[in-house]
Amino acid sequence: MKRERRLPTSLFLNLVHVCLVQANYAPYFFDNGASSSNGNMALFSLSEDTAVGTHVYTLNGTDPEGDPVTYGITFEAGARKYFAVDENYGNVTLIAELDRETQDEIEVLVNISDGLSTVAEKVRIVITDANDERPEFINTPYIVQVQENTPVGSSIFQIEAVDRDTGSGGSINYFLQNIHMNKFTIDRHSGVLRIKTGINLDYEKARTFFVTAVAKDGGGKLRGNHKVFSATTTITINVEDIQDTPPIFVGTPYYGYVYEDTLVGSEVITVVAIDGDRGKPNDIYYSIVNGSEGSFEINNATGAISVVKSPTKLKKEVYELKVQASEIGSEDNETAHTSTTVIIRVVDLNNHPPTFYGESGPQNQFEVTLYEHPLEGETLRGLKITVNDSDQGANAKFNLHLVGPSGIFRVVPQTVLNEAQVTIIVENSAAIDYEKFQDLIFKLLAVEVNTPEKFSSTADIVIHLLDTNDNIPKFSSDYYIAKIPENSPGGSNVVAVTAIDPDSGLWGELKYSIYGTGADLFLIHPSTGIIYTQPWAILDAEINSKYHFFVKAEDIEGKHSLAEVFITVLDVNDHSPEFSENIQEKTMIIGSPVKVEAIDQDAEEPNNIVDYAIMQTDPADVFDIDQSSGEIKLKSYIRSLDVIHNITKNKDCIWSVIIQAKDRGSPSFSTTAVLKLGIREEMFHTGPMAAFLLQTKDNPMKAIGVLAGLIGVMVMAILFISTAMFWRNKRSPRIMPARRIIKKRPNYQPRTVRMEWLSFKKFSSKAAEKFAVKEDAISLQNENSNNSSQVQEPPWTLSTVSGSLSPKLVKKQARKKSGALFAADTALVSELKQRLEMRNSAIGQPHI
């Protein structure tokens with residue numbers, strides 16, 4: 001029987017897997033081009049200033065079977081990782097800083113996988129430039145050597161800076177800082193440094209220049225902003241000297257001495273010359289041109305002059321040698337040599353002390369004239385002093401000392417061999433002051449050093465100082481305070497200012513002047529400094545009591561100083577107190593004072609303090625007045641009109657009181673005024689309306705104006721409310737219910753009315769007469785005792801303004817229901833009532 005062969009299960013599964021794999025298609029990236037931000041990163045570029053953490057790209061692809069895909073990005077081994085990718089979404093993020101100057105391309109492998117197949121593509125990412133690099137100078141430091149005779153405009157150096165950026169950010173322009181102060185210019189493109197037009201270099205004036213150069217790039221974008229970077233460097237320019245100045249002998253004049261015991265070949269004196277071109281000096285060649293007569297020779301290299309004959313064989317006492325110094329290597333240059341004279345004396349043994357010589361021979365006093373404060377280090381050029389010791393060798397060596405005020409001058413040289421020209425040099429310029437001493441006297445002392453005799457000699461140095469304008473005028477005080485009465489006439493002296501200038505002559509003469517906003521009323525004498533008022537000036541302490549200005553003291557050359565002047569105008573009692581009116585009318589309520597006031601226009605106390613007094617009244621013992629305040633009161637025993645009626649027959653209670661206002665000045669001024677004072681008792685009715693009526697009794701127009709204002713306000717309020725109600729009813733469709741108003745007819749009862757007669761009062765200060773009348777009392781009485789209500793009929797008041805009569809309705813408030821009388825008295829009505837009673841009494845008529 002044939003056995004059946006079965007395939008193993010594992011082999012079957014493998015066959016199935018192979019079939020499935022062969023049926024799977026690989027995923028792929030979309031290629032969207034260089035301008036796209038998603039795809040396979042082909043031709044993708046990225047700016048180097050992109051911030052770390054930025055989402056820069058999105059990998060995008062698909063799987064033919066529609067299976068989900070994942071993304072990845074890898075770098076070569078050892079390469080820096082710049083990107084990370086979200087494997088599910090393909091978002092590529094920058095994780096490291098980019099630097100185009102270090103790496104301008106990045107190679108990466110991007111891959112896409114569907115789980116079975118993975119596709120990888122190698123892409124090259126280009127890093128674009130951003131302006132993130134500064135220019136850098138190369139081959140620094142810059143040190144330039146330039147000869148002083150280099151032609152103007154010549155190129156002397158070229159600087160170079162590099163910027164690793166590309167485009168405008170890598171282009172560089174050059175320029176110099178402080179170009180207006182430099183002697184050089186630079187080409188902005190090439191960096192070539194040149195000597196500025198019109199500028200000549202001179203080694204003897206300036207040997208080194210430090211120039212600051214700036215390199216600036218063309219600017220570019222950096223993280224979204226336009227940036228420009230620059231760098232600076234310093235160029236050191238050394239000016240080289242050229243041979244254009246002849247040699248110069250130093251230490252001239254030269255004096256040498258040959259003594260009796262001087263050996264042949266001994267050095268007498270050494271001359272020294274230096275090349276005038278200090279930068280690259282040439283060596284000097286010395287020679288004797290003439291005057292030697294074979295007795296002296298000179299070392300061509302050192303300039304040392306030696307005697308070649310025995311002193312006993314020297315035929316002359318004084319030899320004048322002409323010595324020439326020439327620059328070695330400048331034979332063709334005629335200006336490369338110079339000459340000087342060397343005087344050599346032949347002297348005997350030590351039998352003479354040092355001796356000072358002037359131009360005419362031995363001299364023990366020298367005088368010179370000098371301006372004060374010379375420059376320190378300056379020599380006294382007017383002194384021509386030679387000191388000589390006729391001895392020879394060590395016997396002719398001596399020291400020089402200057403005896404006198406120390407630290408002002410010093411003598412050069414301090415040690416002399418045989419003979420020297422004495423120079424006195426200024427050490428302390430400030431001490432040489434003409435204002436301290438006009439003459440300085442020193443002793444010049446010469447003392448031998450190495451001789452047992454210590455021979456010495458002295459000479460007086462007398463320095464006559466000349467003055468200079470070195471001082472500034474100075475006032476005796478920084479400020480001056482003066483006082484002047486306001487009644488001083490024009491041209492009055494106020495204060496004298498004093499300034500001192502220690503300089504002599506015209507430099508010490510001062511001119512005074514004043515200026516400032518407060519100087520208009522004043523003048524100053526230009527020589528004496530006396531300040532006085534203008535001839536037309538009128539001072540008034542009440543207008544201006546303080547003046548402040550400046551005074552200047554100036555010398556002939558304009559040196560000046562300032563001081564402040566404060567002037568106070570003193571008040572004098574030149575005003576008398578003044579009342580507002582010579583005749584005043586006031587009403588006094590018994591128990592309350594009235595006040596009068598006078599004003600004194602003087603500016604200061606006590607001139608403007610006013611005292612009051614009652615000068616005359618009839619009878620006299622009725623009023624008291626406060627001396628300081630001007631308050632007038634009745635005597636304390638007068639408490640009612642009855643008391644007043646007992647004192648005087650003046651029934652209308654009007655007094656004419658003469659008041660005096662007197663100031664406290666010296667002399668004192670006073671003024672009098674007549675006060676017509678009406679007295680009445682205190683009103684029964686109080687309250688704001690009564691107070692207002694009392695205040696306006698003499699001015700009815702004010703009351704009318706206030707009343708008109710109140711009526712106007714009420715009319716406006718009524719119009720506003722009516723308009724609002726009209727528009728509300730017009731807009732509302734509702735019908736308002738009708739209301740019937742039933743008003744009880746008032747029951748007027750018979751009443752008695754008492755009215756005063758109309759009386760008149762004439763005021764002297766008014767052209768027209770004013771009249772007023774009102775009911776004194778209205779008695780209302782209800783005959784029906786059961787009816788407690790009181791009915792009041794409006795009273796009438798009559799007032800006149802400018803002669804016209806007009807009725808005015810005045811509302812009265814009801815008092816208590818007890819039936820008390822209603823009163824609205826004012827001061828005017830009370831006065832009219834009193835006059836009416838007096839009139840009725842006089843004619844015997846009954847009072848109604």
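Placement of Cβ uses the backbone N, Cα and C atoms for every residue, glycine included.
Just so it is clear, the model here is predicted, and its values are computed rather than measured.
Annotation source TrEMBL lists domain 'Cadherin' at 44-137 (among others). In terms of DSSP helix, strand and coil, the domain 'Cadherin' (44-137) has 0 helix, 45 strand, 49 coil.
Positions annotated as domain 'Cadherin' by TrEMBL: 138-249 (among others).
Look at TrEMBL and you will find 250-356 (among others) tagged as domain 'Cadherin'. Within the model, the domain 'Cadherin' (250-356) shows a mean pLDDT value of 84, rounded to a whole number.
The domain 'Cadherin' annotation in TrEMBL covers 362-475 (among others).
Under DSSP, the residues of the domain 'Cadherin' (476-579) split into helix, strand and coil as follows: 4 helix, 47 strand, 53 coil. As annotated by TrEMBL, domain 'Cadherin' applies to 476-579 (among others).
The feature domain 'Cadherin' is assigned by TrEMBL to 571-690 (among others).
TrEMBL lists 1-23 with the feature signal peptide.
The annotation transmembrane segment is assigned in TrEMBL to 703-727.
Note: the domain 'Cadherin' (362-475) comprises 4 helix, 58 strand, 52 coil (DSSP; helix = H, G, I, strand = E, B).
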